[in-house]
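Asks: Handing you this structure, nothing more for now.
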């Protein structure tokens, strides 16, 4: 063999995993309650009730905050990620040499990858054994002077000889996780990636992930997220209904795609809001309920009116219907949150939606939902839930309409004899959240290079 060719092959073999040709990786998304110790005894009703309860707790953590930590060397004003208590879907990964296998909650609304580490002085209870960094031969704490450490909003220098990067990662609602920022080998299936930065947490307070999770894997748009560190340009997932015991799918890399010939496919541009730089943020233009256009409150600084001509799969509106497009995208934007089960609409939008649904459905309202939901209708005696009329609702994102049928809007509360809206009310002026109930049995593709999200209403089996 030619000596030059041999040297080239040796050089290519020595390249880190991040420099290798683009590949694809597939992970199973397990429902958090399917992994619970009492999973076998949980009914579909209880599975749904638990997911809704976690969503409400998670909502309480959305907001703006200034990260603060004792002896902080750097503190900047930025958005704080949503508190991790939602954690609806879990993935199995490995870290270190030899690989320590751990389970983590995935989160599209935060960036940091972290797991609890020994010795832990203030950790929440977890089912898996805790990672011991001293056992891993490839573990290395990052120095405080490193560029990676500078990516953290709040960090400080350790007091040991190497002045390791000590972080305080703050979620909204004053939930925090603290520890050492380090690098180690990350294992996804049969593939290993060297030098992946992650948080080795030794203290967590506030909203903790469920005990089935040893930490969190952030899939957000920031530099410390899994997709950013692996240079993944696209990823896709498909989620089963929240009360289902069937796992979902997550595909990272070039194979992540949505059916190109599907008639019920829409591609929506992702926007960047300076308040939420790590979130997958969509510009919410308006809503349609059946054939009726919903007028957004005239409380923004600028508005523009556009004819509501909706491509498939949106409901066909009246030719004269109009949807109000909001110029102030910061107020009426929506973030995609895989870890929240129900969708939350900004207060004024939610109130309008409720009023219009009451007019359309024409059933008596019920109270005291055992699921903990706000808007419920009493089902007529002898009439099955699947036979009750519910108008389709469409969300407008930059003029592209995402249709939500009854299965993605309402859930049956069998214990109360009602059907209840799987949409909640967020605070006035807050950002809206697109939850996973509205994304069920739908392929969701994130194309980070082109800056768009594609929704395809297709069974999860079609995502290979």
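Positions of Cβ are set from backbone N, Cα and C atoms, glycine also.
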Asks: Give the range, chosen from 299-319, 320-340, 341-361, that Swiss-Prot lists as region 'Disordered'.
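Replies: Spelled out, Swiss-Prot records region 'Disordered' over residues 299-319, not the other listed ranges.
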Asks: Using only C-alpha positions, which one of 41, 117, 123, 337, 420 is spatially nearest residue 107 (active site)? These are the recorded positions in the record.
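Replies: Nearest listed residue in space: 337.
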Asks: If you average the pLDDT over the domain 'Peptidase A1' (89-456), what number do you get?
Replies: 84
Asks: Pick from 123, 420: which of these disulfide-bonded residues has the biggest number of other Cβ atoms within 10 Å of its Cβ?
Replies: 420
Asks: Between C-alpha atoms, which of these recorded positions comes nearest to residue 337 (active site): 41, 117, 376?
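Replies: Among 41, 117, 376, 376.
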Asks: According to DSSP, does residue 41 (N-linked glycosylation site) fall in a helix, a strand, or coil?
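Replies: Going by the DSSP assignment, residue 41 (N-linked glycosylation site) falls within a helical segment, counted as helix.
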Asks: Could you measure between residue 41 (N-linked glycosylation site) and residue 420 (disulfide bond) for me? Cα positions, answer in whole angstrom.
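Replies: Cα-Cα distance, residue 41 (N-linked glycosylation site) to residue 420 (disulfide bond): 24 Å.
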